[in-house]
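A.B. asks: Sharing a structure, written as C-alpha cells. Questions coming.
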Amino acid sequence: MRDQWICLALVLCALHSACGLYFHISETERKCFIEEVPDETTVIVNYKVELYDPRSNGFMPSSPGIGMHVEVRDSDDKVILSRVYSSQGRMSFTSHTPGEHVICMYSNSTAWFNGAQLRVHLDIQVGEHAIDYANVAQKEKLTELQLRIRQLLDQVEQITKEQNYQRYREERFRHTSESTNSRVLWWSLAQTVVLVCMGFWQMRHLKSFFEAKKLV
C-alpha cells in the first residue's frame, strides 16, 4: 500500500511539474493551450514576449506598446479570465470546475507593429507547484520543519483533488460509453425493424404480382 502511494505521488509530480516552453506567433495570431485541472486548484502562468529584430536576426525584449491579451475558459466554456497584460508578467486563476481549461494568448499590438514575429516564453504551474513556499515561509515565519509539513499537507490535498478528478473523468467516460452503447442498440433495432418491414412488403408485392399473373 505504501509503495502504491509513493508511485502515485511520483506520477502526480510528473503531471503537475512546471511546463516551460516557447513558441513563435505573428502579432495577429491566436495561440491556445489546454490544461487539465482539478477543481479548486490554483494555476499560475508566467510569460515573456520578445520581438524579432531583423537587424540582429534575433529576438529582443519587446516594445512597451506590445502586450498580451490572455483569455481563460473552463470546461463549461465559461470565461474566467480575460485581461490585457504587459509584455512580461505573471497571472493566476483558480479553477472552480474540474476538466480542461483553455488558455488563449494573442498580441494587443497596434497596426504600427502589425506583421512582426513574436517569441513567447510560457511557464504554466499547476497545484502545489504554483505556490511560492519561500514567500510563504517568510510571510508566516515558518521554520524549516513547519514549511516541510506545510508542503506535505499541500501535496496530500493535491493528491486528493487529483483522485477526485480521475473519478470524475471515469464517471463521464462511463456515462459516454453507456450512452453510445444505448444509441448503437437502438440503431441496430431500428435497422432490424426496417429490414423486416421491407421483407414483408416485398413478399406481399411478389404475392400480388403472382396472383395478377395467375401463377399462384
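Every residue, even glycine, has its Cβ placed from backbone N, Cα and C.
Checked Swiss-Prot, it gives:
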- 134-164: coiled coil (COILED)
- 30-126: domain 'GOLD' (DOMAIN)
- 213-216: motif 'Prevents secretion from ER' (MOTIF)
- 1-20: signal peptide (SIGNAL)
- 21-183: topological domain 'Lumenal' (TOPO_DOM)
- 204-216: topological domain 'Cytoplasmic' (TOPO_DOM)
- 184-203: transmembrane segment (TRANSMEM)
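I'd like these features described in context: how deep, what's nearby, how far apart.
C.D. replies: In the predicted structure, the topological domain 'Cytoplasmic' (204-216) carries a mean pLDDT of 75.
If one looks beyond the transmembrane segment (184-203) by at least 6 residues along the same chain, no residue has a Cβ coming under 8 Å of a Cβ in the stretch.
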A.B. asks: Counting by DSSP, what is the helix, strand and coil composition of the domain 'GOLD' (30-126)?
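C.D. replies: Going by DSSP assignments, the domain 'GOLD' (30-126) contains 3 helix, 63 strand, 31 coil.
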